[in-house]
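Engineer: Handing you this structure, nothing more for now.
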Amino acid sequence: MIDPQLLRDDPDTIRRSQEARRASVSVVDQAIEAESARRAAISEFERLRAEQNALGKQVAGAAKEEKAALVARAQELAGGVKSAQAAAGDAERHFTDLTRTIANVVLPGVPAGGEEDFVVLREVGEKPSFDFEPRDHLALAEGFDAIDMGRGAKVSGARFYFLKGLGARLELAIMSLGLDRALDAGFTPVIPPTLVKPEIMEGTGFLGEHADEIYYLPSDELYLVGTSEVPLAGLHSDEILDVSQGPLRYAGWSTCYRREAGSYGKDTRGIIRVHQFNKLEMFVYTTPEEAEAEHERLVGWQESMLQALGLSYRVIDVAAGDLGSSAARKFDVEAWVPTQNAFRELTSTSNCTTYQARRLGIRMRGEGGTRPVATLNGTLATTRWIVALLETHQQADGSVLVPEALRPYLRGLEVLEPVRR
RNA sequence: GGAGACGUCGCAUAGUCCGGUCGAGUGCACCACCCUGCUAAGGUGGAGAGGGGUUUGACCCCUCCGAGGGUUCAAAUCCCUCCGUCUCCGCCA
């Protein structure tokens, strides 16, 4: 949720943000109106309640003969108090509902516009070149009997797969490398629940426009998470944290589930876009003042991971209209995928400033009271990395060189060799 | 799944039977000061969260006793639903 104080003091900043996102600007004025209606309703209720409380105290201390008259007066008042309370509740809800539809205020420098309007910040590493026709990740993986799409579909449907043998080991290796690097950077590893309650999913901002991306279990009223960002944000909901000694950094290892509802026909081959995958996610709670510097650190750790695996990539500053509702800025690191002749997203890191924390009631102590913390998240490893890894390091015979950093996690294996069948 | 007990302002507890004096007591931990003087102890005071008003005063008011409803002039206290924890039983790993 945006800062209600900002709504009062500087609505133009919010209007400009909405404009950059190509989102509704008029909702800002509706929210301002709802805010003053809310305050009026609350004042009216509180005035009546104060009167009622005073009268109640008189009743308690009154002599027997006066009591009947006082109770009669209090009874008259009670109805009005009740309806004023209901009106205040309605006004509060209307204001909250409206305000929640406003996305986070984008940071200065974020490019305006939609999906195509990103800005490339830097390109790193040389794109691999081959003196043979490169195979795509699925062809390579099938050579190792590492990915089985057909049986995945038989058991669970399209966009499901089995990782077997080297495929399973490769995923665990990439994830474990990420985890060790996270440990070195001081992160606390976490294996979180992947089914969460509606208020947690709602609080992280995923139930807005992208609600149809999320699996839901109606008989249990639980959502399957698309990222461990969700449980890690919920971890400290309604808590007051001590971030004065530095940020709280968590590395969540979890399976992620996505319906991919709007992407029929896109990326149907292989494991680029699937319903289920594993991910190691960094999640940070810090002060609002530290948030932008921490965002840079997160993208730094991500780049260092790609570099360790010998991948070439670019970093993009995602445009306002392509940000999630909680993000104030987002950097994607995209690896070069040779057979697609394109950069594909391997990691994404968002600075959610105080937006998520305000929704989830995550605060810190400050001057004269509490204030919301800032939250940030970023990918450190996922199943999808297998794609770029295999394609980048492939050789003419269909084998794949294992980058040195990964070898300790594969019992020293240096080359993935096709199996003869 | 069945039966029972419980859920109080950081932690631990009192209060709930019998509604109003609870505007929630006490201990520990915490903060400030005082005294003292050295792995301390003692004294005094302070201190929760969210919101509204304001002559912007260190002032006033409202809400919060797991959550949500209900009864009542009035609910931590009575009733209902839900959630969670614990104990026992059953079932299944």
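Including glycine, each Cβ sits where the backbone N, Cα and C put it.
As annotated in TrEMBL:
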BINDING   A:Thr227, A:Ser228, A:Glu229, A:Glu281, A:Thr379  L-serine binding site
BINDING   A:Arg258, A:Arg259, A:Glu260, A:Val274, A:Glu345, A:Leu346, A:Thr347, A:Ser348  ATP binding site
DOMAIN    A:136-403  domain 'Aminoacyl-transfer RNA synthetases class-II family profile'
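Please situate the listed features within the shown structure.
Structural biologist: For A:Glu229 (L-serine binding site), the same-chain residues that are 6 or more apart in sequence and have a Cβ closer than 8 Å to its Cβ are A:Thr204, A:Gly252, A:Glu281, A:Phe283, A:Asn377.
Long-range C-beta contacts of A:Arg258 (ATP binding site), restricted to its own chain and to partners at least six residues apart, with a cutoff below 8 Å, comprise A:Glu213, A:Ile214, A:Tyr215, A:Gly226, A:Val274, A:His275, A:Gln276.
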Engineer: C-alpha of A:Glu345 (ATP binding site) to C-alpha of A:Ser228 (L-serine binding site): distance in Å?
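Structural biologist: Checking the Cα atoms of A:Glu345 (ATP binding site) and A:Ser228 (L-serine binding site) gives a distance of 18 Å.
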Engineer: Quick one: among the binding-site residues A:Glu260, A:Glu281, A:Glu345, which has the most Cβ atoms sitting within 10 Å of its own Cβ?
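Structural biologist: Per the Cβ count, the most surrounded site is A:Glu281.
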Engineer: Rounded to a whole angstrom, what is the C-alpha distance between A:Thr227 (L-serine binding site) and A:Ser348 (ATP binding site)?
Structural biologist: 12
Engineer: Measure the Cβ-based neighbour count of A:Thr379 (L-serine binding site), defined as the other Cβ atoms within 10 Å of its Cβ.
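Structural biologist: Result for A:Thr379 (L-serine binding site): 24 other Cβ atoms within 10 Å.
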Engineer: I'd like to know the mean pLDDT over the domain 'Aminoacyl-transfer RNA synthetases class-II family profile' (A:136-403).
Structural biologist: 93
